[in-house]
Amino acid sequence: MSRRSTARAAVLCGIGGWVPPRVVTNEELSQRLATTDEWITTRTGIRERRFVEPGEATSDLAVAAGTRALRSAGAVAPDAVLVSTATPDRPLPATAPLVASRLGLRDAAAFDVAAACSGFVYALATAAGMISTGASRRVLVIGADVYSSIVDPEDRTNAIIFGDGAGAVVLRAGEDDEPGAVGHFVLGSDGTGEDLAIVAAGGSRQRTTDRSPTRAEQHLEMQGKKIFRHAVTRMSGSARQSLAAAGWKPEEVDHLVAHQANLRILQSVADELGIDHERCARHLVDVGNTGAASIPLALDAAAANGELRPGQRVLLTAFGAGLAWGSCVLRWPDLATTT
Ligand code: UT7
């Protein structure tokens with residue numbers, strides 16, 4: 001039996017990103033919240049973020065990013081669409097089938113992946129598994145979130161961090177030694193940390209209570225300092241395992257693309273791993289923390305501006321509510337960018 005028929009690798013062959021046009025600067029936030037541009041940039045590194053207009057939803061951003069990724073990947077249509085999001089359009093149905101239909105992908109397998117800010121890496125792993133089993137030959141993987149829909153605009157700690165956006169990649173069946181082959185996934189979770197980042201209302205647990213949810217329960221509540229520490233530990237730990245599995249040394253990594261949560265978190269992860277800060281993606285400066293979209297958006301921006309070049313070694317690592325985390329590696333392929 002040929003190697004191709006037993007263990008097909010998933011190879012990245014298209015990329016695209018989209019952020020809504022409305023820019024929200026630190027200056028604008030400091031006009032209505034007890035905060036300053038200086039506090040936000042010093043504590044997070046973020047200078048501005050994008051918010052959707054009223055009525056715009058996650059699927060709208062996902063379709064825009066998906067369209068660009070499909071254009072970058074060329075003519076062959078995917079047979080599956082995964083949307084990784086913590087802010088689906090509705091509790092039911094999943095957002096992915098609507099996105100697939102709006103992209104003209106009739107009869108494609110389509111489902112959501114719920115792993116908050118780690119969702120893109122989880123969705124990549126899921127898509128890679130679908131390709132290696134032969135269930136799919138080509139998968140559109142989208143990370144999309146509208147955090148402005150769940151962050152309390154009066155909560156100065158969370159309102160300054162998050163932004164809205166979507167990023168997407170296309171994976172095709174290929175060989176594991178090709179540029180673009182994603183692999184050496186390390187995934188993990190710890191549900192004892194459920195309360196550290198939570199939207200308490202809106203699910204089956206809340207419906208069993210006999211009172212209306214409070215304002216706090218309807219919005220994201222986060223214990224920032226604890227999340228910060230877990231994020232550094234879990235991203236650096238899983239990234240180290242992924243590197244070891246790949247046989248790569250930290251100094252051989254050309255780009256560390258970590259979930260864009262906070263510049264101080266990114267730099268701490270880089271320090272833990274022994275990777276220079278200059279090799280660390282810092283797209284959050286311009287768009288904030290975009291949840292599941294942050295890694296594909298950072299990749300798209302780096303590819304478009306020429307920082308990310310074919311053949312370079314890329315390490316992806318993510319952490320988010322759950323708690324959940326994940327890492328993987330790839331060599332960057334030669335892609336058409338559309339941004
Ligand atoms: O996507 C994955 C999930 N999220 C994350 O990864 C976020 C992880 N955590 C963080 O990024 C940081 O913990 C934050 C940016 C959320 C907070 O930064 P921090 O350095 O941990 O600040 P802190 O929470 O310890 O607050 C320090 C002070 C407090 O005042 P007191 O108690 O010292 O008087 C806060 O009330 O800063 C105050 N503060 C602010 N001040 C001005 C909190 N938010 C603000 C603000 N502007 N926006």
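Glycine is no exception: its Cβ is also placed from the backbone N, Cα and C atoms.
According to TrEMBL, the active site annotation covers C117, H259, N289. For 111-191, the entry in TrEMBL reads domain 'Beta-ketoacyl-[acyl-carrier-protein] synthase III N-terminal'. Taken from TrEMBL, the feature domain 'Beta-ketoacyl-[acyl-carrier-protein] synthase III C-terminal' covers 243-332. The region 'ACP-binding' annotation in TrEMBL covers 260-264.
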- Item | Cβ-Cβ neighbours of H259 (active site) (radius 10 Å) | 33
- Per DSSP, N289 (active site) is which: helix, strand or coil? strand
- Message: In the three-state scheme derived from DSSP, which category covers H259 (active site)?
- Response: coil
- Per-residue pLDDT averaged over the domain 'Beta-ketoacyl-[acyl-carrier-protein] synthase III C-terminal' (243-332), given as an integer: 97
- When you measure from the Cβ of N289 (active site), how many other Cβ atoms are you left with inside 10 Å? 25
